[in-house]
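Below is one structure; the comments refer to it alone.
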Amino acid sequence: MSTFTHINCQGEANMVDVSGKQESVREARAEALVTMSPETLNMIISGQHHKGDVFATARIAGIQAAKRTWDLIPLCHPLLLSKVEVSLTPVVERNQVRIESLCRLTGKTGVEMEALTAASVAALTIYDMCKAVQKDIVIEQVRLLEKCGGKSGHFIAK
């Protein structure tokens, strides 16, 4: 069984020391789903939302969030991300927007939290921009899809 890397031998929260690790290319992909009414989704897709381009705003918010993950999650390292991508795809038959984020760097620690934060904040931005027209929007299935690089190896969600 694995141990918690962020807890020291006294049981206290602790930032992991990565100074002895080798640099490698690390990449992570995450997703979030945002479910809403057909009318709200159509308003977003057609560009008729009174607040502007929901997808563009959510994309930028996700990218900004990935870059600030270390500032939001206390034990995350500040990272020099070399790539952040956020894509938003309407899934009309399910009244959803599927958000997928990708983060990449060459470094000593992984980028899973950055990818998860990007997808989460993009989803929250959609909610924020659309809450005036629909309050019961659901954000769900925020999850890591894939990670590679580093000593823990390659992970792909089932």
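Placement of Cβ uses the backbone N, Cα and C atoms for every residue, glycine included.
A sphere of 10 angstroms centred on the C-beta of D128 (active site) encloses 16 other C-beta atoms. Here Swiss-Prot flags D128 as active site.
DSSP assigns H77 (substrate binding site) to coil in the three-state reduction, outside any helix or strand. Non-local contacts of H77 (substrate binding site) by the CB criterion (under 8 A, 6+ apart in sequence, same chain) comprise M15, V16, V18, W70, T109. For L75, C76, H77, M113, E114, the entry in Swiss-Prot reads substrate binding site.
Cα of L75 (substrate binding site) to Cα of D128 (active site): a distance of 27 Å. In sequence order, T69, W70, I73, L79, T109 are the same-chain residues whose CB sits within 8 A of the CB centroid of L75, C76, H77, M113, E114, the residues recorded for substrate being left out.
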